[in-house]
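Feature annotations, courtesy of Swiss-Prot:
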type	residues	note
DOMAIN	28-71	domain 'LysM 1'
DOMAIN	79-143	domain 'SH3b'
COMPBIAS	172-185	compositional bias 'Low complexity'
COMPBIAS	288-348	compositional bias 'Low complexity'
DOMAIN	349-467	domain 'NlpC/P60'
ACT_SITE	HIS429	active site, proton acceptor
Amino acid sequence: MNMKKATIAATAGIAVTAFAAPTIASASTVVVEAGDTLWGIAQSKGTTVDAIKKANNLTTDKIVPGQKLQVNEVATEEKAEKSVSATWLNVRSGAGVDHSILTSIKGGTKVTVETTESNGWHKITYNDGKTGYVNGKYLTDKATSTPVVKQEVKKETTQQVKPATEAKTEVKQPTTQQTAPAPKAAETKEAPVVDQNATTHNVKSGDTIWALSVKYGVSVQDIMSWNNLSSSSIYVGQKLAIKQPTKTVAPKAETKTQAPAAEKQTAPAVKENSNANTATTEKKETATEQQTTTKAPTQAAKPAPAPSTNTNKTNTTNNNTNASTPSKNTNTNTNTNTNTNTNQGSTNNASASALIAEAQKHLGKAYSWGGNGPTTFDCSGFTKYVFAKSGISLPRTSGAQYASTTRISESQAKPGDLVFFDYGSGISHVGIYVGNGQMINAQDNGVKYDNIHGAGWGKFLVGFGRV
């Protein structure tokens, strides 16, 4: 009688398994060794953490050496077709933000979910057989209905427009219909298609939007605008439209030719005096860059204008040393620039504590992609919001914020500076440095403190920027 009951129970169990779980390919017993984890065992056996826990009646992920686990290897028959709901979605090498980024896939891309991990991440197949891991909250069962303009920059001014739902409502001519060849005037607004001055850049491994902006002598914001990019993330093989500048907008390196103009205002004797006064200048690099911006807005900090910044201090504090040949014009111009630098330094010192205080107000708030605050944030939305509270305007994306700041070393970094990270496809994360190797940032787990050299951060650290 007991044998009969056992047979019936076993048969029922098999029936339930057949309908409630993936098909079992094979079963085996694994003896846990030191250093083993459920996730590691699941990966090596082609199953999932949840499947192992269910098969062994485990309520936690804790296992001990010598423990025997029944592992059912599952066949990958049950696969779900899903669509990317985010504008761009990072594909990582493992299930979590601690793993490196393999690439980014565009919103609306269809993917196949192979497995689901206990933390909500999915292993997916995309682009004809490539695999990786994504956060499951950015996948949906329905294809996104957001119309996407797919444009190709060629030698002739042709463009390919996706379905007719992409209404060209921004065309200035009232009578213009939604026909493909019509809106030539609108192409100046739709920046991705540019005239004869346009070229197409094929993204290669190691490319970043910042590097491309320097290479082509255009701004990060222009490249993002021309290609309808909402973030600075780009991927290998992506085609980017680059408009060659019609005016001579020289790259930063070429602006060295403007240096003699700054030197005309400063006699050689003043240069020597300013060097003697270097020890009293605590922020020589910052002051130099601010003054250079006043003289030549498109160039980075150059050595030539630096003496004029310190000249005013030399003339004011040590007239005996400056007795050789200071000119009145030098004092006048230097005074203007020195005042600007002094005010900027005072603003930075005064606003640092206010920035940190504002950032701390939002600790614990939730992360959301594209969140601008005040209830949810993404990383660059958080920094932009906090700085705006102190009257400082930042660009919207982490890449653009990186491009707009002055690069400084970690030894120079102070609370209130920005700290940047690159997961492999360009600047893709930013936080507010608070000192002692710590930052406040908006990441997948919300607004929180993080150690910039800790696990998941240190190997992606790019450097620091000062606003």
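Numbering starts at 1 and runs along the chain as displayed.
Yeah, the Cβs are placed from backbone N, Cα and C, and that goes for glycine too.
Cβ environment of the residue listed as 'active site, proton acceptor': CYS379, SER398, PHE420, PHE421, TYR423, ASN441, GLN443, PHE460 lie under 8 Å away, each six or more residues apart in the same chain. For the domain 'LysM 1' (28-71), the model's average pLDDT works out to 88.
Look at the domain 'NlpC/P60' (349-467): DSSP puts its residues at 33 helix, 40 strand, 46 coil.
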